[in-house]
Amino acid sequence: MSANKLAVLLSEAASVLKRVGIDTPGLDARLIAGHVLGLSEHEVLINPDLVVTVAKTKEFFEVIARRLAGVPVSHILRRREFWSIDFAVGPDVLDPRQDTETIISEAIKLHNRNRRITIADLGTGTACIIIALLSHYKNAVGVAFEKSTKAYRIAHQNLQQHGMTGRVRLHRASWEKCNGKFDLIVSNPPYIKRCKISGLQPEVRLYEPMVALDGGVRGMEKYLQIFEILRRCLKPDGKAILEIGEDQHAIRTEALRYGMKFCHYVYDLAAKPRCVVFKRLH
């Protein structure tokens, strides 16, 4: 193995990644190169003629081999971007996803950004949702619930990193412990039907916590718990925004049983309903 220009390494790596069906081979190669070389993605892009040492070339292809084995890029980098904010991630939390940004894009339409609102995040994971919301609503405060001890630690790390510990009360507890009244309640709960877990992509099924994926037999189990919380904790003029999966239109009927009124769906970039907005009936 000899020293090579960065552009050559990126081309070779992207070709191999594409061959095994990786969706974003070029991006993955650039991110991994940046990780190995200590460069930003932009620096990788503007330095195609950079000569990479033999040692770094070897390290680069060793990391590419991990990606070929199915390890998510975020687990290699130990970080993931969400709403243009970097978050620490790992195997104990669900990776922040672009689809979940629909919660944020809808939530920031609800209030004047300077208003002091109260927000509850149920099952916070990395805390990416509550942090993104508080980065927009500068005077807002919130609470976040996470029952997994390991996920709680990552959420706390992210809150510290982004200076949010004074604005968010993080509870290491089930979301059923939620009390108080809130202007906004958000959640990305486990919603995948149990029978569909085995069909998930390996990098999801093998590398993300099952507790964050499994929504029970119908994929509705966690929503019923959340509706009970909405009934007692949502302010009369408050809103709830919940992420949903495919074929979960029954959520509208179930919500009525708990005194919740369906407002509308929020669609993702693929034009699929990704979130649903509720308010109280009375």
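Backbone N, Cα and C atoms are what each Cβ position is placed from, and that goes for glycine too.
Heads up, TrEMBL stuff is auto-annotated, nobody curated it.
Per TrEMBL, the feature domain 'Release factor glutamine methyltransferase N-terminal' maps to 9-77.
Counting residues per DSSP class in helix, strand and coil order gives 25 helix, 21 strand, 33 coil for the domain 'Methyltransferase small' (115-193). Positions annotated as domain 'Methyltransferase small' by TrEMBL: 115-193.
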Review point. Can you tell me how the residues of the domain 'Release factor glutamine methyltransferase N-terminal' (9-77) break down into helix, strand and coil by DSSP?
Key: 49 helix, 2 strand, 18 coil
